Structures are given as C-alpha cells and as structure tokens.
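What Swiss-Prot says about this one:
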{"type": "BINDING", "residues": "Cys146, Cys149, Cys159, Cys162", "note": "Zn(2+) binding site"}
{"type": "BINDING", "residues": "Lys336", "note": "ATP binding site"}
{"type": "DOMAIN", "residues": "575-677", "note": "domain 'tRNA-binding'"}
{"type": "MOTIF", "residues": "15-25", "note": "motif ''HIGH' region'"}
{"type": "MOTIF", "residues": "333-337", "note": "motif ''KMSKS' region'"}
Amino acid sequence: MTQVAKKILVTCALPYANGSIHLGHMLEHIQADVWVRYQRMRGHEVNFICADDAHGTPIMLKAQQLGITPEQMIGEMSQEHQTDFAGFNISYDNYHSTHSEENRQLSELIYSRLKENGFIKNRTISQLYDPEKGMFLPDRFVKGTCPKCKSPDQYGDNCEVCGATYSPTELIEPKSVVSGATPVMRDSEHFFFDLPSFSEMLQAWTRSGALQEQVANKMQEWFESGLQQWDISRDAPYFGFEIPNAPGKYFYVWLDAPIGYMGSFKNLCDKRGDSVSFDEYWKKDSTAELYHFIGKDIVYFHSLFWPAMLEGSNFRKPTNLFVHGYVTVNGAKMSKSRGTFIKASTWLNHFDADSLRYYYTAKLSSRIDDIDLNLEDFVQRVNADIVNKVVNLASRNAGFINKRFDGVLASELADPQLYKTFTDAAEVIGEAWESREFGKAIREIMALADLANRYVDEQAPWVVAKQEGRDADLQAICSMGINLFRVLMTYLKPVLPKLTERAEAFLNTELTWDGIQQPLLGHKVNPFKALYNRIDMKQVEALVEASKEEVKAAAAPVTGPLADDPIQETITFDDFAKVDLRVALIENAEFVEGSDKLLRLTLDLGGEKRNVFSGIRSAYPDPQALIGRHTIMVANLAPRKMRFGISEGMVMAAGPGGKDIFLLSPDAGAKPGHQVK
C-alpha cells in the first residue's frame, strides 16, 4: 500500500559537551537512527538533527581545570562526539551546538515573546552560595537528599530516582560539589517562567493520547502535586547566553538547551537554502511532524517546560516524545571499576557498530524499560542471528550460483508461495518499526530466517549439486535462497547499515522496501565475499580490560602547569578592570649588585620612564639582550621600596620560575604606553 509522504523532524537529546559518548548514550541514538532509516525507506522526508549541549557551570569549571577556554573545550568535544556518532553510522543531517548564533537569536526571541506575553516574572530569591569558592552554586553543583523521596546524593535540580524537580534550597543537608562546604544563603534577583499558566494546556496535551502511557501517568502525578514557576536565570560567573538587558544574568542551560533543536535545524535550513523551510516545521499550525527521542531522566523538562515555552512564544509543540530507559551492563549499573562503563570509541576499537545496533534493537520496545547489555548474551545473539541465520543463508547458496551459473539467478522462483510469505510479512514488520516495537520486528525477521534456512536444509543444494542433470534444480534452489536473503536484509536495512552495503554489493542491487515485491529473476549477482565475521568472548574481555585501563589513565595524577600552579579563585570583571596593563619598551637592563635573582629594568611607557626590579636573572644571563624589546607591565602597581631601590611596577612573565621564566611581549605594531585590553 502506497503511503502519503510526510515531513518529519527527529531529534535526540543533546549530549553534554564536557564528556565522552558512552554506551548509555548510544541506546538513544541507535533507537532514533533505526526509526529514521525506516521512515526514509518508506519515502518520507526526514530531517534528523542533534547538537552538543554546550553551556553551564560544569563546562566553565572543567575548562578552567584544563587551562583552556570553554569555547575551545566544547569545540574539541563536538569533534569527538561527531566522530563517535559517525562511527556508529548515526545518519544525522546536521549536528550543531547550543553555543551558536542561531541558538542565541532563538533563545532571545523566545524569551522576549514570553516576557511580552507576561510569562516572565522577576523576584528576589535566597540562593545557595559557596563561601569557600565565592560563587552561587548552580543546581548540579549542589547535592543532598531529595525532598520528595528522600533518596541521598541527588543533584539540586532533579532527582534521578523519582524524577521530581525542585529548587536547590529544598535539598536536605546540601553540600557544595565544588568545595564540599555547606552552602549559605544569599539573596539574588532571578527570572521565572510562569509554568502554572500552562497547566490546562499541558493537561489537554497529555490526554490527547499521543504520549506513552507511562509518560502520561507520570505527568498526571506532577499535575496533582502542582506546577511551580521555573527559575530560568543564573548569576555570573556562568558560561552561556547573557539575558538581554540584565547584566550579570544568564539563561539557565535548560532554557536554551531544547531551543538547540531549533538552532540546529535553523543551521541546516541556512545551509540548504530554499529547499527546507524553518517556519514550515516550527510555525504554530505546522503540519510537519516533530519527534524527540529522550531518556526517562529528562521527561519533566520535555513534557512540561518545553511545550509550555513553545506555546507561550507562538511556536508549535512536539508531535510526540519517544522515551527510553537506562542501559545496564551484565545486570548492573555501568561501572568504571568493573570495566563496563564503556565509551563509544572504545567499543569501536573492538567490535563493529552493527553488532551493538543489532543487540540494542533486538531488546528495544515502545515502553520505558531499562535495557541490559549482557555481554555473553550479546556474543551468542550476534553469532546466532546475524552470522548463522542471515549471512549463512547467502554464503551457502552464493557459491553454487557463482561457480556453476556465472552468478546468474534462475528466471523463475522455485517456491512462489514461500516468497509471498516473506513479502507479506512487510506489513507486520513495517508496523513494528513504525511503532518502535523493535524487538517484535527482529523476532518476526528471525522467524523468517529460520523458515529460509529450513527450506535450504530440506532442498539440500549440496546434494543436488552432485546429481547429474539437476543443474536447473540447483540454480532454482540457490536462487530462491538468495532471494529470501534479499528480503531479510531489506527488513534489516534500518538496523545494519554496513552489512547492508556489503549485501547490496553482492546482490548487485539497492535494497528498497517496495523493491522486494519483485524478486530477482535472471539477475546477475557479484562474486560472494565474506559479509560478516563471528565474534567471541576474547573480544569482550579485551574490551572490558581496555575500559579499565582508560579509567586508570584518567585517574592518574594530572601533571603540567595547571597541576603545579592551579588557577586562582574567580574574580569579577570590576576586579580585573582595576589592573592597568601597558606596553613598555626596555631601554636598559642590567644586573643588580648584591642580588643573584634580580635585573634592573629601565622602561619607557611612551613619555614616562619607570625603574623596575624583576626576578628574571636566571632566565636572562645576558641582560643586554633584552634592550630594545617590548614587554607588558602592570603600570598602576604601588611603588615598592626594596634594599636596592624603589620598584615602580611589575613586568609580566610566564613559567614556573628560575631558568624557566619567559618575558611576555606584545605583537608587532604595539607602541610604548598602549593599554592592554
């Protein structure tokens, strides 16, 4: 039956840009990719997008620890993430970042519309403040006991056990994650999104029947407990977008993160020009379909805040949320010590992507159930299903076709009714892919694979090949087996992209959903090459060991300049503005009699001379070599009386000290007296 082509926009939750992709992440991206690939096979216009979630205090602090800018860190992490997803053949049309101009503009637009419509409220709140670090503590930098279910060691914004959201001030026995100190309360003006104003709309959306039953039930609990206004602002220091007309206030990461879906799509539209319209997908009355694949830990944000923000700013709401559970490994939470906290890149060093794609797909359903990656079962299932049932079907027939018939298939089907049984299954299997009942689809396909192999066993082409005068029978039997293999691989194409490429090369034809209605008759296939190799537990053992070694390496003491000389506590811009840095010309440099550490520098500031003592003698044993160089000095440092005279400032140098100290110099063109800005 011909389907009407639909316009579909699909997203995955945005990975946070401060860590590597691991097998927990990959469940969602594989699930979405399988669904997207099926939709494309059915002729729908699908735009599949994602981005890195690149804002927040965790990124700011980690960048400080690494001694790089947040922009540099998120740029490097984006490349790593995209490499990992490409390695697993996730077919994104666009991968972007929330730290983008598109996202800034859309965040400001949505905020301004919400404000104009009266949905932004200002009020002063008491906020947790780290007295040791001198900073307000973001939600994720406070931990304590959940005020709802009393689970310990929960973050300050939501509980990973019961899913509740709350204010950090509601935590029981809170502690600063940054310093371990007990936070104190400080007042600060914050901006709030008036979520309760959307309660009626959200309840109607929940009752529409579009959402998973488990999601709808959970939302009903939240409605019954009452919706609260949502704090959408954070105080400096913070890495993110500053709120318009509110100096020192920034959008909370969870405000601009989902807008990142729109930002990534806008970036894609700009790349493609007129071929894709942003408004066609995001306008209020859009007929395009919008689906978010997310984990169960972020349902609250996507089912309440996000649709309310869109409604309040005159954009369309999602068609549906597709929510999945967590990943466990060998029946337990992923563990670094056991080597089961496995990065995506580590997996790809030991196994191919199709193997994990198949295993996850075989276990997924439309329910929000956790998926266990049992590594022994993984090996057995991949070998039993992909190798023994599917690939073996091709290999045991292709040899005869290639050797005895020059690769040409029979002109008629040996068993048309059996072939019809296979093609008739397209409706059931297609519906399973469509409804995300992936495990059911795999079971249906493997049942067909069993039928196909039973047919070959019963026809025994290896026996027929030895019997004189039965060449036509041999060709018919093996051609039938290869045609059944083609149908199976067509059904598996959304799951196994790399195996599909090899199968298409052998079959000498593209695998399409509707194409299986016409079998390959009198068709020439290519010489058969091994399509897939068996895997074994030795590979699993090597994978686990490699993961353990990565953890050990990451836990090793950090060495280098930052470890030896950590970054000082954060200062305000006003503090920094007090320091007056100027370009200075070194007119003279000489040893200081009686000191084995100091040099006396005569500096020209462009009309004013300064005398400065600097402890750089060990690094510059020939002071005359410094004469004529430009350097940077602190020009407004109070004069300091020393045994050898008065020092009227300080020159800037880098390094640990002694011989390893390096005088800073400005770029060519800087003049004495120029202010460093």
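Along the chain as shown, the residues are counted starting at 1.
Using N, Cα and C of the backbone, Cβ positions are placed for all residues, glycine too.
Shown here: features listed in Swiss-Prot, placed on the structure.
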residue : record              : contacts (Cβ under 8 Å, 6+ apart)
Cys146  : Zn(2+) binding site : Pro152, Gln154, Cys159, Val161, Cys162, Ala164, Tyr166, Leu171, Ile172
Cys149  : Zn(2+) binding site : Cys159, Val161, Cys162, Ala164
Lys336  : ATP binding site    : Ser547, Lys548, Val551
Same-chain residue ranges lying at least 6 outside the motif ''HIGH' region' (15-25) that approach it to Cβ under 8 Å:
50, 52-54, 56, 58-59, 62, 73-74, 77-78, 80-81, 84-85, 97, 326-327, 329, 334, 341-345, 347, 356, 373
Which residues, same chain and not among Cys146, Cys149, Cys159, Cys162, have a CB within 8 angstroms of the centroid of the CB atoms at the recorded Zn(2+) site?
Pro147, Lys148, Lys150, Ser151, Gln154, Glu160, Val161, Gly163, Ala164
Residues of the parent chain within Cβ reach of the motif ''KMSKS' region' (333-337), under 8 Å, 6 or more residues beyond its termini:
22-24, 327, 547-548, 551
Across the domain 'tRNA-binding' (575-677), what are the DSSP residue counts per state (helix, strand, coil)?
7 helix, 46 strand, 50 coil
Within the motif ''KMSKS' region' (333-337), residues counted as helix, strand or coil by DSSP
0 helix, 1 strand, 4 coil
Look at the binding-site residues Cys159, Cys162 and tell me which residue has the greatest number of other C-beta atoms within 10 angstroms of its C-beta.
Cys159
Cys159 (Zn(2+) binding site) - helix vs strand vs coil (DSSP):
coil
Whole-number mean pLDDT, the motif ''HIGH' region' (15-25), equals 96
Helix, strand, coil residue numbers for the motif ''HIGH' region' (15-25) per DSSP?
3 helix, 2 strand, 6 coil
